[in-house]
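Visitor: Please see the structure below; I have some questions.
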Amino acid sequence: MSLAKFPQLVLFDLDGTLLDSAPDMLATVNTLRAERGEPDMRLDELRPHVSKGSRAMIAAAFPQLDQAQREEMVPIFLSRYENELAKHGPPFDGVEALLGAIEADGGRWGIVTNKPEYLARLLLPLLGWQTRCAVLIGGDSLPQRKPHPLPLLHAAQSLYVAPEDCVYVGDDERDILAARAAGMPSVVALWGYRLPEDAPERWGGDVMVGSPRDLLDPAAWPA
Ligand SMILES: O=C(O)COP(=O)(O)O
Ligand SMILES: [Mg+2]
């Protein structure tokens, strides 16, 4: 039997890391496009933008709008997305097994997302995670968001764990930049959302992993 253990606190990004939210985002975008008489966008067109946040998705879905018009659409996008939360996109395959394995090992896990906190909090009970997630920080919970290290440092500190004893798992460059700035080891989640020009091997993560199932082996985590 391996003596390796999971990190005592694992912090996860949400969209593109724990949750395959791209289909929910696609339903949101297509509702807005239908309201404007525009045809549906395809999943493969929207998916690469999902971890870059609502503004990036709006820019991808409505390239004809100027900056001010896109900004006006942000609250409308978020309110439409509230109707689609966890309706079309489940956690990625292997995520439930991984969270269960961390818990069975006596470890804790939490979420640090750039999504507005109220939306992330609405998702927790829909996913059955409300009593299991030890800490949740959203993009508007603190004065700074990822790639700033503050959300990761705050999450670790709130549970009295040193940053170097945590690991952050995320699918976007800003996730890895935030972890590095926080002095926290990081895992690049290659199963998530990326643009063709993104180069995850250059982000400086400690390990790159292809599937949540790969992390079921404690030896796969940063040493
Ligand atoms: O909504 C966003 O900005 C993306 O969310 P994430 O940080 O969970 O990937
Ligand atoms: Mg993400």
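Glycine too: its Cβ is placed from the backbone N, Cα and C atoms.
Keep in mind that this is a model prediction, so the values were computed, not measured.
Here's the feature list from TrEMBL:
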- D13: active site, nucleophile (ACT_SITE)
- D13, D15, D171: Mg(2+) binding site (BINDING)
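How buried are these features, and what lies next to them?
Guide: Spatially close to D13 (active site, nucleophile) yet at least six residues away along the chain are S51, I111, V112, T113, Y168, V169, G170, D171, D172, D175, A189, G192, judged by Cβ distances under 8 angstroms.
Of all Cβ atoms in the protein chains displayed, 26 besides its own lie within 10 Å of the Cβ of D15 (Mg(2+) binding site).
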Visitor: What is the total of other Cβ atoms whose distance to the Cβ of D171 (Mg(2+) binding site) is within 10 Å?
Guide: 26
Visitor: Of D13, D15, D171, the recorded positions listed, which put a C-beta under 6 Å from ligand 1? Please answer none if none do.
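Guide: What lies within reach of ligand 1, judged by Cβ under 6 Å, is D13, D15.
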